[in-house]
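To start, the structure itself, in structure tokens.
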């Protein structure tokens, strides 16, 4: 499209080669791609709030239907942009980004994770999150197919194929996926006047939690806060690595656009294979090994120690003020299950391994070394599904959807930050002839992320996450007991 605009004010191209090769066209195209990338990230972040709110208000399946059908409308609108061409086509393409606020890739990835967390038991969530991400990476590894379709049948055909794929996905969601009620996603204690938790509720997940210990005492817990901070640094360190390898290959080994396309396609497919088949196997074996290193202990031994109660909640409730038993609301309890600790253990070290594998590109001296780096880099994947598995176990079941939304928001924010930070750093070091040093900066930030994650841990065994309402009720009950005893 920029090529068409350029030749509206310049003489027709008469040279040899691609008519869109002039530097002015390349610069204008790069600027439009930059704008497109920023608006995609921004609209995708807003889409997370919309998708999460709809899931809590009307159910995950209804939200997923929106997240797959609205992109079909977007693809159809982009077809009109291709037909229009020129400046009008560019404006149409940029405006279609606003449609992604209602429904888009960020939203349906979040919703499928929410649905998986509701139907899969806790010990299998991390593996399932990894498989879902592997399916996504498999789709990202197919851009060469779109390019071949465009070369063979015209630039409009890939958008038409995308339009049909989204319609098929919507039909599949409607027919095949189970219905999950909104009540299963949001606990009744988290509604106000019959409405679901607030639109920006995922941001509250980042605040310190209140945890009730076995003794009844309520304390603040910062595990989720340190977890999200560590995930932010981890994504900052590792997410831009594939693009840096691509830029490094172009600058040092003269890779052309087609070679870079196949390089990134191979990386995405290799990562999907790892997450679909190898990652679940690693989680299973690692869990067995981690369990064998921690023999069963009597977790209640400390509770049997004799002590004189010195807090009102430690006294038994007098018979006269006892109430009928009521069902205990569901909450995140921590019985000391080994898979919880192993997921956190895996998350810490996967960031280190990912960072170390990134440095392979820094030692490349031949073109095939770049392909080797792209082949080995996916073997350090798994931190994203592990982070989702950890945060869903740290939060109560009623907060699970907001927890997944929160960690996805953190990842999106980190992706936006890493594009600016490492893009500038790579350009600066490349200008000094030392672009390879950028990969060592990745390792340094990955090690810092692991250090932050060492501060994140699960609450003590037998403790439980409590909501604000529970804290208020507990305080009222304690005051009532104290008055009765006095």
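Each residue's number is its place along the chain shown, starting with 1.
Quick reminder: no glycine exception, Cβ is built from N, Cα and C everywhere.
Note that TrEMBL annotation is computational and uncurated.
Values in this document were obtained by computation on a predicted structure and should not be read as measured data.
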Under TrEMBL, which of the candidate ranges 222-245, 294-317, 318-341 is annotated transmembrane segment?
222-245
Can you check which of 183-203, 435-455 TrEMBL lists as transmembrane segment?
435-455
Would you confirm whether the transmembrane segment (435-455) and the transmembrane segment (90-116) meet the contact rule of 3 or more C-beta pairs below 8 angstroms, pairs 6 or more apart in sequence?
no
For the transmembrane segment (222-245), find every same-chain residue at least 6 residues outside the stretch whose CB is under 8 Å from a CB in it, and list them.
205-209, 263-264, 267, 347-348, 351, 354-355, 358, 361, 370, 373-374, 377, 380, 383-384, 387, 390-391, 394-395, 403, 406-407, 410-411, 413-415, 417-419, 421-423, 426, 438-439, 442-446, 448-450, 452-453, 455-459
Do any residues of this chain, six or more beyond the ends of the transmembrane segment (265-287), have a C-beta under 8 angstroms from a C-beta of it, and if so which?
123, 126-127, 130-131, 133-138, 140-144, 242, 245, 338-339, 342-343, 345-346, 371, 374-375, 377-379, 381-382, 385
Hey, which bits of the same chain come close to the transmembrane segment (33-55), Cβ under 8 Å, at least six residues off its ends?
62-63, 66-67, 93-94, 97-98, 100-108, 110-111, 114, 182, 185, 196, 199-202, 401-402, 405, 408-409, 412-413, 415-416, 419
